[in-house]
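Here TrEMBL flags 1-21 as signal peptide. If you look up TrEMBL, you'll see 24-125, 128-228, 231-337, 357-444, 550-650 marked as domain 'SRCR'. The annotation disulfide bond is assigned in TrEMBL to 93-103, 197-207, 308-318, 412-422, 619-629.
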């Protein structure tokens, strides 16, 4: 018997891809069922501009999806082409409306811009969705559309299996799924059907069903699933929040993977930026090694190469080939958006984040940072300029969230009028910045002059001079002595210091001082009284011992006699490698501190946490100052086999010794207040 199949065709067509014969369509979405709504007026397609705040959860949004063969609307993002323009109208739909254009409206007008354009960007759901999510989420309460009741109904937790969760997630567009560990009651309409899936089915309608028990009501816990591996976003570009960065693309498991730089060209960069809605000016990122995460590892690299013409809207539209490996493990990077206020390369600014003073420099329309490996006070002075009386180079992890380093190996004399006049390199292939700290220029004004009195050039009473009057200083707030000493020595131009006890004495003038904590890593002194005070009686004035370019570190009981030998460079102290460090070098260090000789060399273990940075430290015999010694600075301990050089100096100081630190120390005594 011959069977006429002609009458089946209209029905079968409903289950193929939706065919749009409506006056609405979606454009710019990553999938066919999402995008910005366009409407057809007199044969002209333009985006819809509507001021309804939650269009995606309105009757109007659902009608758009139903006209396109789907069921309900949710929220999504889309690429909008501003040249197309908008049809503007405020639309109000009722339950009796069957098409968007049959809804009441306020009339139609043309406009090139729309402040509420994100309101009419939607995602159209099919038969399954998470009932508690307005966008396409990966976790939520499982619901299925009931065509008879014309509503989504929540699936009961009772009888909901891992296999059913797996099938639900596959139908929803994910690779796999599982039952959530949560079980909560929702006031939703519960399905009267339970699915008995094996897990191999593609959709829930393929699974056998049984009637749900009478207990499956809105007072019963609802089924909740977690879906993994978003198949609908395969080959989609991960968000570039700053308009530039390393390109990451979703794989077929819904995970973002780094795209290899090998084979990545300008055309592909344009498509990546266009897909991210950054316009038409996408380009390869200049000096790609300057991005913090530009170097990747093979296991996190997408094994694909895209060969775009440059006119495609999305990366997934470009031809792709499978890659076996990523040469040099360098990731692709793009520059999509430049600072609209950028002027010229090399312009600097100080970003006042938490008063930290992070220095930023402009190149290629992007604010980046300066490598701190060669960052010093001379460079900070150039950044601060003539508007500040003092400049201090510091570093901070909190200075700025920048992930681009533009300047390497900076070398300023301090007399330049701008950073562009200093010597530096912008080639990240030659310099590997050893730290992700932010270069900080701490600029401040202080008309008070500070000095030391009654001791040597780096220890004694602290004095302040203001308005022609010089006097000792008194701690007015009772700060911890080590904090006060650190602040005083910083203010005096040394590299920190320790409290140092001198006899009480009287003075014609004296000042109240406190510690200024404007920058958390650089404390300094500030006067508390506007004019000097006088006192005929003896008082305990602030007295300190300040560190020069070399100090001993790691000993708490005898910090000037024992410890690791460390030297100051680029705003911090580095340890000296013990390779080749002999008693000759130890004697010079100890004589600089006022002792006759080193009684122990490389024979002690101290708690210094400072990294090794100096190698091949050599001193001539008989020298009294480390200024006469030579060394090689690397900033790292690479190649150092003997650990850190350390010394213990002789017990009897030399009266009147005067080394590079300038101390003439007799009976030196460091005190601590616990």
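The backbone N, Cα and C atoms fix where each Cβ goes, and this holds for glycine too.
Annotations in TrEMBL come from automatic prediction, not curation.
Of the listed disulfide-bonded residues, namely 619, 629, the sparsest CB environment within 10 A is found at 629. Across the domain 'SRCR' (550-650), the prediction's mean pLDDT works out to 93.
Helix first, then strand, then coil: DSSP counts for the domain 'SRCR' (24-125) stand at 19 helix, 38 strand, 45 coil.
In space, 619 is the closest of the disulfide-bonded residues 207, 308, 619 to residue 412 (disulfide bond), judged by Cα positions. Taking the Cβ of residue 318 (disulfide bond) as reference, residues of its chain lying under 8 Å away and at least six apart in sequence are, in sequence order, 268, 271, 306, 307, 308, 309, 312. The Cβ of residue 197 (disulfide bond) has 161, 163, 164, 166, 167, 204, 206, 207, 208 as same-chain neighbours under 8 Å, each 6 or more residues away in sequence.
Checked against residue 422 (disulfide bond) by C-alpha proximity, the disulfide-bonded residues 93, 103, 619, 629 yield 629 as the nearest.
Note: the domain 'SRCR' (357-444) comprises 17 helix, 36 strand, 35 coil (DSSP; helix = H, G, I, strand = E, B).
Residue counts of the domain 'SRCR' (550-650) by helix, strand and coil are 13 helix, 38 strand, 50 coil (DSSP-based). A simple way to gauge crowding: the CB of residue 93 (disulfide bond) has 21 other CB atoms within 10 angstroms, across all the protein chains here. A C-beta separation below 8 Å, combined with a sequence spacing of at least six in one chain, links residue 103 (disulfide bond) to 59, 60, 63, 91, 92, 93, 94, 97. Of all the disulfide-bonded residues given, namely 207, 308, 412, the one with the smallest number of surrounding CB atoms inside 10 A is 207. In the structure as shown, the Cβ atom of residue 422 (disulfide bond) sits within 10 Å of 19 other Cβ atoms.
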